[in-house]
Amino acid sequence: MNILAPVRRDRVLAELPQCLRKEAALHGHKDFHPRVTCACQEHRTGTVGFKISKVIVVGDLSVGKTCLINRFCKDTFDKNYKATIGVDFEMERFEVLGIPFSLQLWDTAGQERFKCIASTYYRGAQAIIIVFNLNDVASLEHTKQWLADALKENDPSSVLLFLVGSKKDLSTPAQYALMEKDALQVAQEMKAEYWAVSSLTGENVREFFFRVAALTFEANVLAELEKSGARRIGDVVRINSDDSNLYLTASKKKPTCCP
């Protein structure tokens with residue numbers, strides 16, 4: 001019995017979504033990794049289609065974390081601000097290169113008094129989205145601490161990082177250009193991919209989350225292929241080891257009959 005919701009038609013990815021800015025991207029490839037494409041075509045993705053990948057969204061109070069998630073998951077925008085208490089999450093189902101894939105988006109509180117509660121949910125993230133307000137330079141400066149807190153509970157070498165500027169609709173072109181310059185530098189220092197979005201208008205929101213889903217999926221498949229490759233190598237070593245032992249055992253046996 002399949003208890004998972006079916007994949008919506010607008011959540012199907014047949015190609016790799018492109019980055020916003022090449023100078024601050026996790027990678028600039030135009031297509032999925034060839035090994036990933038091949039594995040999907042041959043249905044060698046292991047347990048990837050059954051896993052739920054955890055994505056945490058962190059950042060200062062009122063930078064627009066909840067609005068960002070709601071715009072993508074529910075296609076809504078609520079102008080009446082309500083602070084997140086503790087944590088909340090949404091589940092999104094995708095189909096990437098014909099393989100089902102699920103993201104669990106964790107919306108964490110930005111208030112200091114809930115920080116301790118929220119941080120307990122950071123562990124096990126495969127992607128971290130650090131959100132700041134494009135109209136508030138202090139919120140950009142604070143992203144470094146938010147990232148440091150999140151990485152205390154995760155392996156920095158195995159998590160994907162995204163730096164997202166929100167409320168782009170409130171910036172003039174001149175204001176945005178200045179903030180983007182600083183944000184790109186921060187993203188490069190973090191080794192994060194940079195995006196700028198507007199939850200009010202929906203600008204870049206869909207493209208951003210598709211990019212998150214695609215890169216997280218790609219990382220999962222590559223990890224699965226590495227595991228399966230290691231298992232195959234291990235099996236060969238064990239077989240060869242057993243063969244050697246059998247040979248040594250046989251050579252030590254005395255003949256049971258006379259020549």
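One is the number of the first residue shown, and numbering goes on along the chain from there.
Cβ coordinates are placed from backbone N, Cα and C, and glycine is handled just like the others.
Residues annotated as GTP binding site in Swiss-Prot: Ser62, Val63, Gly64, Lys65, Thr66, Asp78, Tyr81, Thr84, Gly110, Lys167, Asp169, Ser198. Sequence-distant neighbours of Gly64 (GTP binding site) (same chain, 6+ residues apart, CB-CB distance under 8 A): Val131, Asn133, Ser166, Lys167, Ser199. Under the DSSP three-state reduction, Gly64 (GTP binding site) is assigned to coil, being neither helix nor strand.
According to Swiss-Prot, the feature Mg(2+) binding site maps to Thr66, Thr84, Asp107. In this view, Asp107 (Mg(2+) binding site) is surrounded by 24 other Cβ atoms within 10 Å of its Cβ, with every protein chain counted.
Annotated S-geranylgeranyl cysteine per Swiss-Prot: Cys257 (among others), in sequence order, evidence recorded as sequence analysis.
For Cys258 (among others), the entry in Swiss-Prot reads S-geranylgeranyl cysteine, with the evidence type sequence analysis.
Marked as N-acetylmethionine by Swiss-Prot on the basis of a large-scale study or a structure entry: Met1.
Per Swiss-Prot, the feature phosphoserine maps to Ser241 (among others); the stated evidence is a large-scale study or a structure entry.
Residues or ranges marked as phosphoserine by Swiss-Prot on the basis of a large-scale study or a structure entry: Ser244 (among others).
A mean pLDDT of 81 is what the model gives for the motif 'Switch 1' (71-89). Annotation comment: Swiss-Prot describes 71-89 as motif 'Switch 1', evidence class similarity to another entry.
Here Swiss-Prot flags 108-127 as motif 'Switch 2'.
DSSP assigns Asp107 (Mg(2+) binding site) to a strand.
Look at the binding-site residues Ser62, Thr66 and count other Cβ atoms within 10 Å of each Cβ; Ser62 has the fewest. In sequence order, Ser198, Leu200, Thr201, Glu203 make up the list of same-chain residues 6 or more apart from Asp169 (GTP binding site) whose Cβ falls under 8 Å from its Cβ.
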